[in-house]
Amino acid sequence: MPHRHLIAGNWKMNGVKASLAVAEVIATQSRSHSARVALFPPATLLPLMADILKGTDIILGGQDCHHADSGAYTGDISAAMLKDAGASMVILGHSERRHGHLEPCALVARKVQAALRAGLEPIICIGETLDQRQGGLTIPVLSRQLADSLPEELKGREFQVSYEPVWAIGTGLIASDAQILEAFALIRRYLDQRFGAHVAPHLLYGGSVKATNAGQVLALEGVSGALVGGASLTAEDFMPIIAAADSAPV
Ligand SMILES: O=C[C@H](O)COP(=O)(O)O
């Protein structure tokens, strides 16, 4: 099957029932574009959005899951619950979980295992902070996150890795082409060595992707899609990013 870019919209902690109208517009308008589109609404909207997306090609995903399948974990959501609500993907290790909720790599790895047990395809996020980049630690930080967040169970499974420099998220500062290519080369080398070449196309970039820069990012060699935050909240902002994938080389 020819490779198609994945344009994933992570709504983060945004969206109420009225926001489902945005998903309806995206579902209708994305039919005429080549990209695979995925939406990651807050968990409260998952079953409602699943109804809206029924019969479309749009993928539905959760923003996080617990490492256990069920149990006494107040406030948490299991991978099986996401699946039951209509999700087929889940974002794990997002920097807002790693830093905001102090999630270590080992926990991310357990969550990935839980996602795979439930039949969800994980998008595993990695990325360095500004201090780490300025301290020359980008490569060791990304290497450690890859080694410690990706469990052995990923072998032979479909998954995505999203490179999201923390300093680029929600700041309007996108990583340069050279910075993205350097990180991707590292990730690709690591994945090839550890899991084999089959995972090579599944590398996303995230961090201030907008209509104005999406074409340039998606045209970079090895970039197979984008994980979009702020610009996925309205169809006006998100559709041009989906459209930018039409002219990006595959
Ligand atoms: O999950 C998405 C990333 O955190 C990027 O967010 P952003 O597009 O608002 O910078």
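Every residue, even glycine, has its Cβ placed from backbone N, Cα and C.
The substrate site recorded in TrEMBL includes Asn10, Trp11, Lys12, Ser208, Gly229, Gly230, and the single candidate from Gly55, Gly62, Gly170 that the record places there is Gly170. Checking the binding-site residues Trp11, Lys12, Gly229, Gly230 for a CB within less than 6 Å of any atom of ligand 1 leaves Gly229, Gly230, listed in sequence order. Site extent for substrate: the farthest pair of Cα atoms among Asn10, Trp11, Lys12, Gly170, Ser208, Gly229, Gly230 sits 14 Å apart. Of the listed binding-site residues, namely Gly170, Gly229, Gly230, the sparsest CB environment within 10 A is found at Gly170. In sequence order, Phe40, Gln63, Ile91, His94, Gly206, Leu227, Val228, Gly229, Ser232 are the residues of the chain that are 6 or more apart from Asn10 (substrate binding site) and have a CB within less than 8 Å of its CB. For Gly170 (substrate binding site) paired with Glu164 (active site, proton acceptor), the C-alpha to C-alpha distance reads 11 Å.
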